[in-house]
Amino acid sequence: MACLDISCLRQSTMQRKKTTMTTAEKEVLTLDGAVDRHGRPAVRGKTGTWVAGILLLVNQGLATLAFFGVGVNLVLFLTRVIGQDNAAAANNVSKWTGTVYIFSLLGAFLSDSYLGRFKTCAIFQAIFVLGLASLSITSGLFLLKPKGCGDEHTPCDSHSSYHIALFYLSVYLVALGNGGYQPNIATFGADQFDEEDPKEGLSKIAFFSYFYLALNLGSLFSNTILGYFEDEGMWVIGFWASTASAAMALILFLCGIPRYRHFTPKGNPLSRVSQVLVAATRKWKVQIMPNSEGLFDEDEKDLVSNNGARKILHTNGFRFLDRAAAITLPEMDQFDDGTRNPWRLCTVTQVEEVKCVLRLLPIWLCTILYSVVFTQMASLFVEQGAVMRTNISTFHIPPASMSSFDILSVAAFIFIYRRVIDPIYTRLTKSSLTELQRMGIGLVIAICAMVSAGTVEVFRLRYADKDCLHCEESSSLSIFWQIPQYVLIGASEVFMYVGQLEFFNSQAPDGLKSFGSALCMTSISFGNYVSSLLVTIVMKVSTNGNMPGWIPGNLNRGHLDRFFFLLAILTAADLVVYIICAKWYKYIKFESREAAAAATATV
């Protein structure tokens, strides 16, 4: 019988509205387990996507402007203001840059384990601003004495140990702030896109290219405008401009709080790795059944409820570690009690996390030598440019500003790759270039860059005055001959570093995403340390009697060309090893969230 009572009709209407709202809410929620700032499931139309992504890209550009406002001319600051020679300055820049990226591991650990990516980014950006402000004050009050010193013609006075200590404290605060922030901002930006949605999944892949483009465009201003002011001795203006840019980046980052999507930290990864190693060692005599039979894993219901964490499917290889998930009689007794000792029995997913890290390490090691090549732009390329002809009529070109051609090359090749190379390759082969293939191409281009730099140095020495006292612009060869080596480095970055960001982010387990981005950063770190070590070894070996070595204070008496050719040979050998490691690598296999959800529904 039809319901004619008003209260009955009202109740029926409200129930229909509630059902409609519930259905609509399910349609707009993200599928990857992301939450909003209140910890509720993220609504697709109100959080994330390019609204948050663009905020983070602009933030990255401003922060990079601030960082390179210090980093790009640091080698000249050390020689002109602090009074170090070329080799010492190059070594110190390499160590400082390496430390920047070592701190990325600290930031990634705190993010993945305890703080989450948003809090970690905010804290380290605040430290970054503090370090830049301290550097600006220290330089203006103590280091730039007498007034007007620090350009190529007026060296500064010697400094006390206290003032030098303040300087190093400031620049290493900058290193801590930027290093802890960098791997998390890249991953946090990727978090704003739901990879389970086809459209947002494509946007997530594109984000890494635009992220690297923002990084380079941010440094463009530093390498040109700020680089010019600092090269003319106006260091305080350059440092304060960097401080202002970093402060603006922090404010902009905080403005996006209502739009961000978040993933809850998954706990200390070191303890999870240790549990696997301890459990596998304890059961080293246990026989493993074929095809992963008898291995323990969590129920799909427990995994789905763990904030979007996905089950990792079992893979062959490193079979010793499978013993950590092997179920023995003592573990069966624990199941009867409803308990499990994680130091005796681990899940297949937990074991696969450790396998994943072990498989990533050889690839990561092969990227270090590429970073040795990359770091030459901030050190030896600048020193090479400083002894070339840097004037066009009456206009002086700061040697550090030549890295602008690297930035323009990055911008151009990101467009060329995404709009030309990738579509053509896909049309011909029915598949895109994998991240590993792109990284290999980056190594090949890096070899060409070192050959180009060495060739330029051969011709520069032919036109150089070897008996100069102040050797700035002591060669008549124009600095514009450096353009090919900068362009080649830029092209190699698009294939190597963008490929690295995508590769480590996609291959890292859900609880180690920031660690994946940190691997990319730490390859740059170790590249700087290896570069510093290599310079030291080369100088000790090549310095003999009247021979001043390959990289002396007066480059016109050295053989910087041989050092560049040495790097080309080492990178070629690294390429061979990389190809072997890439063929051996096995991609991580996640269970799809749809399959996990379907399995949960049947429980």
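First residue shown is number 1, and so on along the chain.
Even glycines carry a Cβ here, placed using N, Cα and C.
All annotation found in TrEMBL is predicted automatically rather than curated by experts.
Listed in TrEMBL for this protein:
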type	residues	note
TRANSMEM	50-78	transmembrane segment
TRANSMEM	98-115	transmembrane segment
TRANSMEM	122-144	transmembrane segment
TRANSMEM	164-181	transmembrane segment
TRANSMEM	202-221	transmembrane segment
TRANSMEM	233-257	transmembrane segment
TRANSMEM	360-382	transmembrane segment
TRANSMEM	402-420	transmembrane segment
TRANSMEM	441-459	transmembrane segment
TRANSMEM	479-498	transmembrane segment
TRANSMEM	519-543	transmembrane segment
TRANSMEM	563-585	transmembrane segment
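Scored by C-beta pairs under 8 angstroms, the transmembrane segment (202-221) has its highest count with 479-498, from the stretches 98-115, 122-144, 164-181, 441-459, 479-498. For the transmembrane segment (164-181), the residues of the chain that approach it from at least six positions outside its boundaries are 63, 67, 70, 74, 82, 96, 99-104, 106-107, 110, 120-121, 123-132, 134-135, 138-139, 142-143, 521, judged by C-beta separation under 8 angstroms.
Proximity of distant same-chain residues to the transmembrane segment (479-498), defined by a Cβ-Cβ separation under 8 Å and at least 6 residues beyond the stretch ends, is recorded for 208-209, 212, 216, 367, 370, 373-374, 377, 381, 384-385, 388-390, 397, 399, 402-403, 405-410, 412-414, 417, 438-439, 441-443, 445-446, 448-450, 452-453, 456, 459-460, 520.
Between the transmembrane segment (563-585) and the stretches 50-78, 98-115, 122-144, 441-459, 519-543, the greatest number of Cβ pairs separated by less than 8 Å involves 441-459. Counted over residue pairs 6 or more apart, the CB atoms of the transmembrane segment (98-115) and the transmembrane segment (402-420) come under 8 Å in fewer than three pairs, which marks the two as apart. Remote same-chain residues near the transmembrane segment (122-144) are listed as 63, 66-67, 70, 81-82, 107, 115, 150, 156, 159, 163, 166-167, 169-181, 184, 235-236, 239-240, 242-243, 246-247, 249-250, 253-254 (criterion: CB distance under 8 Å, separation of at least six residues from the stretch ends). Among 50-78, 360-382, 402-420, 50-78 has the largest number of CB pairs under 8 A with the transmembrane segment (233-257). Of the candidate ranges 402-420, 441-459, 519-543, 519-543 has the most C-beta pairs within less than 8 angstroms of the transmembrane segment (360-382).
Counting same-chain residues at least six beyond the ends of the transmembrane segment (441-459), those with a Cβ under 8 angstroms from any Cβ of the stretch are 370, 373-374, 376, 381, 384, 433, 477, 481-482, 484-485, 488-489, 491-497, 499, 560-565, 567-568, 571-572, 574-575, 578.
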